[in-house]
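Scroll down for the structure; my scribbles are underneath it.
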Amino acid sequence: MSDYYQQARPSHHRSEPPMFRPTKPEDWEPYRDLIAHLYNEMKLKDVMTEMQVVHRFKATEKQYKTQLKKWNLDTKYIKASEYMAMIKTKRLREAENPPKQTRFILRGRTVDPKDITRFEKRALKKGMIKPEDQMYEQEEPVEDLLYDTPSPEPSYSYAEASQYSY
């Protein structure tokens, strides 16, 4: 009977390398470029899974966030304070010149106006801001936040479009 169990068991036991758990800041350095690349391509949860399954590197979410901040890679998502600064700037510019449009560029990327509007609606609903607030109090300036007035989109009338033959 023992021969049967010996044969039923797979004979090729692959021993996987043990899971590596970083305990010191220098433990992260060999993985820095890989983590940076993955984080640019996917969400943090997916990076963590990939690192654990493929590279046998296991760290907590807090450890990753600390490391990403240290490496200045925590720039993917817009923070509430950054949205608040955009809303303040937008409201001040609109108060000075009502039809004025404002385009925001944060860390080199143009911020979708729909995202700002969505945040503003949620902030109003939660009572973080009021519709009548002009938000004049001075806050810390947000690093890497630029704004300008976008050039108007060219508009074509039907008459102009009809002069072109296809």
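Glycine residues also receive a Cβ, built from the backbone N, Cα and C atoms like all the rest.
Owing to the predicted nature of the structure, the values given are computational and were not obtained by experimental measurement.
The region 'Disordered' feature in TrEMBL is assigned to 1-25 (among others).
On the 0 to 100 pLDDT scale, the domain 'Clr5' (25-74) averages 93 in this prediction. Positions annotated as domain 'Clr5' by TrEMBL: 25-74.
What TrEMBL records for 130-166 (among others) is region 'Disordered'.
As annotated by TrEMBL, compositional bias 'Acidic residues' applies to 134-146.
What TrEMBL records for 155-166 is compositional bias 'Low complexity'.
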Kindly report the helix/strand/coil residue split of the domain 'Clr5' (25-74) according to DSSP, in that order.
-> 36 helix, 1 strand, 13 coil
